[in-house]
Amino acid sequence: MDIQKNTSLTFLFYDYETFGKNPALDKPSQFSCIQTDIDFNIIGSIQEIFCYPSVDYLPDPESVLITGISPKYTSLFGVNEFEFAKKIYSLFMKSDTCIIGYNNIYFDDEFTRNIFYRNFLNSYEWSWKNGNSRWDMLDLLRACYVLRPEGINWPRNEDNSVSLRLSDISLANNIVHNVAHNASSDVYATMNIAKLIKQKKPKLFNFFFKYRTKKAILTLIDVNSLNPIVYISRFFGVVNRYISYIVPILWHPINSNILVSIDLSQDVQKILNFFKRNSILNVNYKEIFLMGIRFIYVNRCPILIPTNVIRMKDRIRLRINYKLFQNNLVLLRKNIFLKKKLKKFLCSIAEAPKYNGSNVDLKMYNSFFSYIDNNVIKNIHSTLPKRIKINFMKYDNRINQLFILFLARYRPDMLDYSEKYFWIQRYLNIFSYANIQKYENKILKLIVKYKNHVRNVQLLEELFEYVKYTRKNFLKSIFTN
C-alpha cells in the first residue's frame, strides 16, 4: 500500500530511558512520544512520563550516569510503573498507529512487552491489533546506507566505519538533537530522521513501509523454489556491509515466526558435508549458526528485498562476491536432502529452554497466556484497587505470582501473611549484605573515577542515599501494614 493513500494512519515515535539494559529485570525511568500524520505534522503535544522504580530493585549506576535521570528525580516527578504502563498502553492502543523507535525492535519494544506483562496488560496486541504495526528507524536507516546512500551524510567512527548512532547521524545531517539519552530529544531526532529518509529516498521509504508487517514480508518469501533474497541486518556487521544473499529453505517446525535460511556468503559445501557426516543427535544450534544457517524472525520487521534491487554498481560498491553466491546456490539446489535433514534436526530439539527459576519477571516468554487467562487478567484491572477474589490456582501460575508482586510493589497493605513472608524473603535476597556491599563498592569506584565530574558525582551520591532510603522505607512499609 502506498503510504500516501493511507490517510487514517498516524505515526507514534517513542523512546525509553531506563535504569538498566535488561528488559525483564530492569526498570524504565522515562517515556516520551510524539504522534504525527503520514507527512510528519505533529498531532497534539509531546507526551513525557517519568517512572520511579519499585523498592525491590537496584538501578544500574552506569545507566543513571548515561541518562542523568536519578531514582530520586523520578520519585519527585514520576509515577509508579503501574500508572506508567496504563498511560503508555492507552497511547499505543489507538487504532491505525504505526509505532516507531530507533533500535526499538530489540530494545524499547522489549521493555514495552515486559512493562505490560508485569502490570497485567497485553504484551503483544499493541503492535498488531486494530490496524497497528511497528517499525524501526535504525533498520530503515541501515537499509538506506546499504542500498541507496546518496543524499544523506554518513558520519564515521575513528576506524572509518560508518556510525549509525542517533546522535552522530543527527549531527551529520543538521538534525536537532539537544540531549543524547533523553527520551524527548531522541524522539524528535528519530522523527526527523524518518522525515529525512522520506524526503531523500521516497521510493525506499515507501517500499519498506509496505513490507514492515509480517503479512507483507511473507509475500517476499518462497521456501519451495530455493530462490535467493537479500537480507540486510546488523547481524552481518559493518565489515560485511550489513548485507548478504540468503536462500529461504523452510519454516521452523516449532516456531512459525522463524524463517530458516542459508547464508550464501558462507561455505555451503561445509554445511552439506557436515549434515552428510553427522547424525542429527550430534548437532547443536551453535554449530549450524557458525556454518551459515540463519534464523530470521518475520515478526521483527526484517529487511528483506528481492535480488533485482541490487544493481551491478551496488555489487561493486558493496564488494559482493556474486560468483560465490551463484556457486553456493547451485550446490544447494543439487542437494535437496539438506532441507529434510534440517527439518528433522529442528523437530528433534525441543523449544528454546524455558526459564524454570522462581522469578516470575523472567517468565514472559515461557508461553502465551490463554484466552481464559487473559480474561482473568482483564478482571484484575477492572477490580483494582480492591483485591480480586479469584482462585488463581485454576489458571496459569504466573498470574498468581505476578499478582503477589504487584500487590507487594503497589499495595503492600493488601498482602496476607504468607504473601508478606514471600515478599520479605525476595527483598532480603536482592538486598542481601553481599549484594549491597558489591553495589555500594561499585558506586564508590565510580565516584573516584568521576571525581572531577560534578554532575556524575552528584548522581552517584544521590543513588547511594536512595539505596539507604529504600531499605529503610521497605521495612517501614512492611511492618506498619
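All positions are counted from 1 along the displayed chain.
For all residues, glycine too, the Cβ spot is worked out from N, Cα and C.
Copied over from Swiss-Prot, here are the features:
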- D15: Mg(2+) 1 binding site (BINDING)
- E17: substrate binding site (BINDING)
- 202-350: domain 'ExoI SH3-like' (DOMAIN)
- 356-471: domain 'ExoI C-terminal' (DOMAIN)
- R113: site 'Interaction with single-stranded DNA' (SITE)
- Y124: site 'Interaction with single-stranded DNA' (SITE)
- W128: site 'Interaction with single-stranded DNA' (SITE)
- R142: site 'Interaction with single-stranded DNA' (SITE)
- R148: site 'Important for interaction with ssb' (SITE)
- H181: site 'Important for activity' (SITE)
- K214: site 'Interaction with single-stranded DNA' (SITE)
- N257: site 'Interaction with single-stranded DNA' (SITE)
- N299: site 'Interaction with single-stranded DNA' (SITE)
- Y365: site 'Interaction with single-stranded DNA' (SITE)
- F368: site 'Interaction with single-stranded DNA' (SITE)
Closest of E17, R113, R142, R148, H181 to N257 (site 'Interaction with single-stranded DNA'), Cα positions, recorded positions only: R113
Close recorded sites near E17 (substrate binding site), where close means Cα within 10 Å, chosen from R113, H181, F368: H181
All-chain count of other Cβ atoms within 10 Å of R113 (site 'Interaction with single-stranded DNA'): 20
Counts by DSSP class (helix H/G/I, strand E/B, coil) across the domain 'ExoI C-terminal' (356-471): 88 helix, 0 strand, 28 coil
Secondary structure of D15 (Mg(2+) 1 binding site) (DSSP, helix/strand/coil): strand
The domain 'ExoI SH3-like' (202-350) - residue tally per DSSP class, helix then strand then coil: 74 helix, 27 strand, 48 coil
In sequence order, the recorded sites (R113, N299, F368) whose C-alpha falls within 10 A of K214 (site 'Interaction with single-stranded DNA'): N299
Residue among recorded sites Y124, R142, H181, N299 with Cα closest to the Cα of the residue listed as 'Mg(2+) 1 binding site': H181
Spatially closest candidate among R113, W128, H181, N299, the listed recorded sites, to R148 (site 'Important for interaction with ssb') (Cα to Cα): N299
R113 (site 'Interaction with single-stranded DNA') to Y124 (site 'Interaction with single-stranded DNA') - Cα separation in whole Å: 7
Closest of R142, H181, N299, Y365, F368 to W128 (site 'Interaction with single-stranded DNA'), Cα positions, recorded sites only: N299
DSSP three-state assignment for R113 (site 'Interaction with single-stranded DNA'): helix
